[in-house]
Amino acid sequence: MKGSTVHTKWQAYCRLMRIDKPIGSLLLLWPTLWALWLAGRGIPEAKILVVFVLGVFFMRAAGCVVNDYADRHIDSFVKRTASRPLPSGTISEKESKILFVVLILLSFGLVLTLNSMTIWLSLAALALAWIYPFMKRVTHLPQVVLGAAFGWSIPMGFAAVSESLPLVCWLLLLANICWTVAYDTQYAMVDRDDDLRIGVKSTAILFGQHDKLIIGLLQLATLLLMVAIGWLMNLGGAFYWSILLAGALFTHQQKMIAQREREPCFRAFLNNNYVGLVLFLGILISYW
C-alpha cells in the first residue's frame, strides 16, 4: 500500500472515531470527573483516574463508529454527514466493525483492572453504546438514551472508587441526563430539516416550537439537581459559584438558539463544554 494511501486511510479512521472533533469526548469526560471526585471526596486513586480517562476516549470512539455504521445508509442524505468515511466509501463496513471490536476490547481490558462491581456495570455501558444509534428510528427520545450512555460512567466511577451507589450517584446521573438531552437537542436543531425529510426522530422534532422552553427547563433541572448534590455532599461555596456560572452559560446558550439558526445552535451545543468544565472546577476547588 502506497504511503499516500496509508495516510488517507489513517485520516479516515481518525474521522470515523472523531479524533478531529474532541467535543464529544469532553462532554463524556466532565461527568466522569465529577463522579470520581465526588465518590472519593477529592482526588481519586491515580490508577482509577487513568483507566477512566482512557476509557472515555476509547468508548467515545467506539460509540462514533457504531453510530456511523448504524447511519451508513442515511448519512449520505444529510448535508453535514454526507462526507463521513462510511457513506463516502473511504472505509468499508467490515473495517468499521473490526475497529469497533478493537476499541471495545481495549475499553474492556481497562475495566478488568477494576473491581467486580465496576466490571458488571460496564456491560450496561456497552449495551447503551450499542443501542443508542438505533433509537432514532424507533423513538423521538434518543437523546434520553444518549444521556444514560454518556452518564453511565457516573455509577461506574462510584463503584470503582467507593464500591457503592449512593443517592448522590443517581442524582448526578439524572442531572447529566437532563443536561445531555438539553445540549443534544441543540445539536439536533442543526439537522432538524434533514431529519424531517428522511424520517429520523429526535427531541428537536418532538419538542417542535416548544424546543427552547423545554431546553431551558432541562437546564434548570440540571442546576437544581446540582444544588441538591452540593447540599448532600456538603460542598463549599466554590461549587455554588460554579452552578451560577453554569446558569450564566445556559442563559447565553438560550440567546444563541433564539432564532433556531443552524450555526448559532451548533455554537450553543459546543458551549456546553464550558458548563462541564466550570462544574468540575467547582467540585475540584471545594475539595482543595
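Here the Cβ of each residue, glycine as well, is placed from N, Cα and C on the backbone.
Database features (Swiss-Prot):
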TRANSMEM  23-43  transmembrane segment
TRANSMEM  46-66  transmembrane segment
TRANSMEM  98-118  transmembrane segment
TRANSMEM  141-161  transmembrane segment
TRANSMEM  163-183  transmembrane segment
TRANSMEM  213-233  transmembrane segment
TRANSMEM  234-254  transmembrane segment
TRANSMEM  268-288  transmembrane segment
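Put simply, of 23-43, 46-66, 268-288, the stretch with the most CB pairs closer than 8 A to the transmembrane segment (141-161) is 23-43. Long-range neighbours of the transmembrane segment (98-118) within the same chain, counting only residues 6 or more positions beyond its ends whose Cβ lies under 8 Å from a Cβ of the stretch, are 13, 16-17, 47-48, 51, 54-55, 58-59, 61-62, 65-66, 69, 126, 156, 159-160, 163.
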